[in-house]
Structures are given as C-alpha cells and as structure tokens.
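J.: What TrEMBL records for this protein is below:
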TRANSMEM  289-310  transmembrane segment
TRANSMEM  353-375  transmembrane segment
DOMAIN    641-806  domain 'SSD'
TRANSMEM  642-663  transmembrane segment
TRANSMEM  675-699  transmembrane segment
TRANSMEM  705-727  transmembrane segment
TRANSMEM  748-770  transmembrane segment
TRANSMEM  782-806  transmembrane segment
Amino acid sequence: MSFPRLAPRPARPLRFLLHPAAPTFTPIHRAGYCAFYGECGRNPEVNISLVSSKVPCLSNTPARVAAGPLLALLRTVCPELVQGNAETTRVCCSLAQLRALQLSVALSGTVLSRCPACARNFANLYCNNICSPDQSLFTNVTRIVNRTTVQGTPQLAVVEYQCFYRQYFADDSFTSCRGVRLPATGGYAIDTMCGRYGARLCTTQRWLDFQGDKNNGLAPLQIDFQLVPNGTQPGDAIVPLGGTAWRCNQALSAQEQPCSCQDCAESCPPVIAPPTPQPHFLVGNANGALLLCGLLFGHFALVFVVALLCQYRRAKKKGTAPQPAPAPPPAAGRSARLSDASHRVLARAFRRWGTLVAGHPVTVLAAAAVLAGGLSAGLVTLRLTTDPVELWSAPGSRARQEKAFYDQHFGPFFRTNQVIVTAPGRPSSGYESVVLGAKNFSGVLSEDVLRALLELQERLAATTAWAPVAGREVTLSDVCYAPLNPTQPGLADCCVNSVTQYFQNNATRLAMTATQTDGKKTGTVDWHDHLIYCVNSPLSFKDITALELSCMAEYGGPVFPYIAFGGYPGSEYTEAEALIVTYSLNNFPRDDPRHEWVLSWERRFLEVVGDFQRDHGPNLSVAFMAERSLEDEINRTTGEDIPVFAISYLVVFAYIALALGEYTAWRRVLVESKVTLALGGIAVVLGAVFASMGFLALLGLPSSLVILEVVPFLVLAVGADNIFIFVQEYQQSQREPGETREQHIGRVLARVAPSMLLCSLSEVVCFFLGALSSMPAVRTFALTAAVAIAFDFLLQMSGFVALLALDARRQEVRSVGTGGEHGVPLPGRVGTEWAPSGRVPGWARGGQQGAQGGHGVPVGERMPRMGGGVPVGMRVFRGWHGVTLGSPGWAWGGRGVPLCPRYLGWTQGGGGGGLKVDTEWARGPQIP
C-alpha cells in the first residue's frame, strides 16, 4: 500500500524485541493460524482516510481454504501465496479484505510501477500481513475495540498490532525501492512514503513506520513494525517474516523486464574506466612533443625567410636587365565570351526598355501603381501567426506530431500563470519547533507576506473578466484546471499551487495555534510547525502536530514544495528566497470559443497582479506572467517599433533627397534636390513589401510580426542601393550629341540594370533556398523577402525609371533663371527651324547672323531683347558659360548659352559670325 509521508517511530531496542511488553490478543503463534480475519467496520480512531479504513476482526483461528472468486483474485493480487490447487491454498483474509488489498496495491503501483521488482516486494509485504496462512507466527495483536453489528452481534475489532520482520528481508525490500523515480514530481518515490524524512534521510525502519501510521491518511489502523536482527529471536513462539525479496535488477518473469538504470543502479551497465593515457615523451624535463613542434616551426620559418630573400635578389637582378616586350593579352575564353554576349543582350534589352519607359512615364507609373495596389489589397486576407509553437516548430516534426496526438486524446496542456514574490532586504529568523526541531525561516516566509498572498488569491478568485465576442463575464471556475472535478468545477476545485495551500487558503487555519507535548518538552505549535512538516510530507492528510491540519491543497491535490518555493539551498525549503503562486488554467484550441474566455481572464489576471505589485512595491518585489504574456510582449514590442520604423524611413528619405542632388546655391535647393525621387524610392520599397505580403496572403500563406519588422528594412537597404547606383550614374553621364532625354535614360539604364538584375536575382535565389527550411517563421520570412526583393526590382525598373524621367523634365523646365546671372539650358531636342519673329514662348527669335542649319534654341518663356537669334552649331554644346552682352543680334539680358565646357575664345557660327565665350560670366546648372 502506498502511503504519503508522515512522522516515523523511533527504532526499537533489542531487549524490547526479545521481551514484548505490549499486551497480546494473539495467544497462539503457530503455522496455519491467523491473528485476525474478516472486516469489523471502520476504525473509530481514524477521521481522515483516502481509502476505506475498515479494520479486521480479532480471530486467532486456523486459516481458511481459498476457493472460487477468492482464489482467482488471490492469483492476481498475491500470486506468491497460491500453493497448488484450491485444497492446499489457505489464507487469513476474506474476499472483501482481498479486494481492499487489491485497491491498496493498485495505489502503490501508481508510484512504484516503474520498477516491477519494487512494486512486487511492496505488495508481498501486505499480502503476507493480511492473507498469509501463517499470519499468527509474525503478528501480535496489541489493541482492540468492542463493536456491535447492525444485527446486534458483538465483535472485537483490531486497531493496532505488531508485525515482526527479519532485518535482511525488510532491508532488501526497501533497497529495491530506494532508487525508483516518480515522474510526476521529478524526485524519488520514497519521498512520498517516508514522512518528514524524505528520500535523503529515509531508512527501512522509517519507511515501514510511516506505512503503519494511522495518521498518514491511508493506513486503516496502527501497525508497529519490529525489525528483528539477523540471528535473534523475539521469543513467545514468534517467528519473524523472512524470505527472499526480488532485487531491482531481476525480472519477475521471462516476459517482463527488470527495473531501468534510472530507477535501479544495479541495472546500469558497468562504466568502463578510460584507458590511462601514455606518459608524455620527455627530453630532459621538457615535453618532447612541444620541443619537436617548436623545432619544426623554426625550421619552416627559416626556409620561408630564405625563400623571400632569394626571390627579392632575383627580382632585383631582373630590374637591371632589359625588359622584353610585353606579351599580347591572351584570347578571351568561352566563358568570357558568353558573359560578354549575355551582358550585351541584357544591355540592349534594358536600353530599349528604359527609352520606352522614359517616353511614357505617366502611363508606366500608373500601371505600376495599379499592380502594386492590387496585390497589396490581398492584405485584407492576411493571417498573422503569434503562437510561438506555430512560429518555431515545423508542422511535420516529431515534436508537433506528438503534441497533436496528446492534444487530440487528452486536450491541450494547461496554461500556466505565475506570481513570484521576494522580500529583498528582509532578515531571516530562526524557529524552534517542539516536534520538528530548529529551522531557519527566510525573510519572505513571514506571516504578513503569507496573508498578503492569501489576499491576492482571494481577489483573483473573486475577479471576473468580460469576453466581448462571447458577450459574457468569465470567472476563474470557468477556465481553471480542476483535475478532481473537471465537469462542474467550483472555485475550491481550481488547481492553485502556493504556500498558503498548505492551509487550504484559509486564514483561520493560518492563525491556528495549539499546545504540543513531545516527551518532556511542552510548547506551542503554529503555522511554522505545520509548514515544516508539509514541505517534507506534502502528501499527508494530517500532520503530526496538535494542529492536526492536512497538507493537501484546497482542491484536494498535493502542493510539492519545489513548485511553491524558489531559491532554496538543497532541500531546505523554509530558507527559500521566493514564494511562487501558480494558477493552472485549461487550454483550448484557438478556434474554440472558450479560448477567448481564458485570454480574457488572463488579461484580468495581469491587471489584478499589477495592482498588487504597485500596492506592495515598497516592501515586496513582485514578478508575474501569464500564458499570454509572450504573445502580448511580441505585440507590444511590435507596436513600439512602429515609430522606429517610421523614423528610419524618414531618415533614408531625407538622405536620398539630399545626397542625390547637385547644389549651386541655397535658393536653388528645392529645384536641385531629389525630393521626388526620394519619395518615389520610398514608395517603391513600401509598394514592394505590401505587394509581396498581399500576394502571399492571397496564396494562403500566413505571416508574422517578425516579417512586419524585418522585411521592410531589408528591402529598403537593397532598394536604396539601387536608387543611388542608377541616379548617380545618370548624373555623371553626359548626354551625347543628338541624343534625346529618353535615349539618355535608356543608355544609363543599360549600363547599370544588368548588374542590378544579377544582384537582385542572387538575393532572390538565396532567400528561396532559405524557404526550404521546415521552420515556419524562417520559411515565411524567406519567401516574403524573396518576393519583396523581386517586386522591388520590377517596380524600380518601371515606376522609378518613370519618376526619374519626370524629374529630369521638371528640372530642365525650372532651371531657366530669372536674373541676369543665369544661363540658358540647351534641351535634348533642337528645333528644326528658326522660330518665327515675335515673342513666342520657349524659342529664341530668328536673326540675321548665320546660324548653322538655321535651328532655333529653346530658352524659356522670356525672349532675348534684340531682334537676332542665337547662332548655334549642329552639335549640342555642354557646360555653362556666359555670353558677351549688347552685341547686335545676340542674346542679351544677362543670360548665357550652354557651349563647350571652359572653352575660351570664339565659337564659329554657320554664317561666319561667332560668340565670344568667357568663363567669368555666371553659369547655371548643367543639364545632363
């Protein structure tokens, strides 16, 4: 029978074993005789018991023959007692007693089943105690009570007896169970079966004494176990029970396995010691291996230095000798020719594409915006994944499969909500227990802190939360994990683990005191004594103090000390630096309406504990978390990152706008800056990000908050690089003679776009390879990044090229100055004939001086004052230079004409006339 821990009895002296002083109600100690038989009702001395506390009837009579159902059940529960057939098998227990024993064996099996030998030995002890046909040989009844049946029949009920075991037999049984682990607690099974001593201080006598203590909540009567040393006899015809116990490394049958190595040290294979390392090779007192390594290193270093010197001398001699003619470069290989050919194909394609886009910028820009906006509309179907399990574990992984199997058959694992309380700076104090000795209590283990925790738990038990979708108030009993009453739980059924649960969350029990006498020592016991006892025997239904309080929690389960305490040295739980309150709540699938209930109550839990933290902040340090806290923190940090996200994009916008411009004066900053291109570049990046996320959302791929934070910065970095490469190449490139603005943009795009394509393509391929990962968060991020970079390149080749063409047209129109020190920009297109006389906006008036070819020049809306036009050759001159003023027929009014850069002298006109160029005249900005 498996019993919780409680107080042991001291070991008996040998003379007591030889001369029992206790009264005896078993005069006959003979083989084949019983000491008791049958059931005589409940024990009037036992008030709290987990199982039936019916006691046997006094019966010092011959054993009965086992037959029928009794024999069949005996073969199952106590197979060692079955001897041959029914005629030879005798027992001292009735069928009702054997059924009660079967229940006790089943209870012990839940604790000891990991080791079959231990479970069998433990069951054999009680099989012999209750059913052995030689029961009277090792049993001596010492106390009985009178009772009368319902029919009026008087009976003698046994309430205490002595049980004599051989020392070696009891020791072997105890040894087979000593190493058995209890997975539910992570400790040893003996921890729950040795009272306040636990596994560390448990001995065979203490182990048996706890089993026979009627106050442990499981024993139906008091059993006084007497261990008889080997080779001695207790006298009075008593023969101690002996025999052979199963060793833990033995299998009970050919079909069964021995105990595992984890539960039985004897089952572990022998650990072979590693071979002794060979002694070091020594040269004198030095390590020979290190010495050889040093010599080799020095040798190779010397060879290296000599080789360098020789090479230097040969090079010096070659320098003085006549140098032969350089050899012709080797012919390009096939790969080089293929690379050049592919580059030329891409350049021609991008040149045509750039010219086409620059010629129709508005149409292309509108098409790009419609495409990006249409794909971005898919964001309305976007599903954000915030569950860490869904983010970081592959759906097909073994862990996820096992979790799905567990959730399907047992329901999702319960949710954990915790409060951790410490008391920094509070001194510890000592306590002298009348029963349990001296103990040290940490500062946080004080009555006022316990009452504060009790107040917090009462507030949480009374709190309600509103679930908006369900439209109802949610209480703790609606969502709590109630293992002993899962169908209709009340607040008292909720699984709450805390130190105050040792008092069943009852303030009255926490304040209880009682007078305790232990031998010659008398004193007062209070919550300190009860707590000391319960941390060593958490499964007890009644402590050994005069308080007689249960250690079980209010919901009926145990509170293991390593769950309720933290920061304790070894197993000294009363010296713990932290008290932990744990609320276990039911977990539900996300599509279950009750999932909203538990989220709502957890939100209220965080609010209530937050108020508790503020109220007790001066005295206590309170930390807390709920199951939803991780998702809340992810959402909170994402919200906090939005300003960072916006500021970073503004900084990049300002940097692009200012860095791409070429400035000549402060008043021309707005004209010469690239605000339009900067805004367009940012819009292209955001459009690519939103389009990629919308596109994947339309395909049914969920996203995550990590993607929202990282991918925009990644695409911004790539997109900004391409913007600078394209725009700066355009600024540094000079427009060729006869080349239009559209052709110029196409030629520049042909020079940079192939490299941009290959770079973007390599990044897309890398991220698509990353999408092969089975981890959902990594796969989704890689797919989104790959599609976003691809869309970014496509939008840059269309929308941004169109924006550059519009910006170039804007700057050409607005670069014409209004004062007397600005030049006149030559356009990319020259008129085919002189403009007619008069003030025609945009063209210089024709004149008498011979302009070669008779071409007009666009100069803006203001006309030259003189009647003559401006002679210009067929070539488009570059650079801004001033022109002499006041000459008949030439442009005046303070405007210059773009001619060859820094050309001093005269430029020949078609009819023999020329223009005097002087670098001292003011010049306007150069137009590419």
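Just so you know, glycine gets a Cβ as well, placed from its N, Cα and C.
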J.: Are there 3 or more C-beta pairs under 8 Å linking the transmembrane segment (705-727) with the transmembrane segment (642-663), counting only pairs at least 6 apart in sequence?
T.: yes
J.: Take a look at 675-699, 705-727, 748-770 and tell me which one has the most Cβ pairs under 8 Å to the transmembrane segment (353-375).
T.: 675-699
J.: What parts of the chain pack near the transmembrane segment (705-727), using Cβ distances under 8 Å and only residues at least 6 beyond its ends?
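T.: Cβ under 8 Å, 6 or more out: 384, 386, 391, 634-635, 638, 641, 645, 648-649, 652, 656, 659-660, 674, 677, 681-682, 684-686, 688-689, 692-693, 748-749, 752-753, 755-756, 760, 763, 777, 780-781, 784-785, 788-789, 792-793, 796, 800-801, 804.
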J.: Taking the domain 'SSD' (641-806) alone, what is its mean pLDDT?
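T.: Across the residues of the domain 'SSD' (641-806) the model's pLDDT averages 85 on the 0 to 100 scale.
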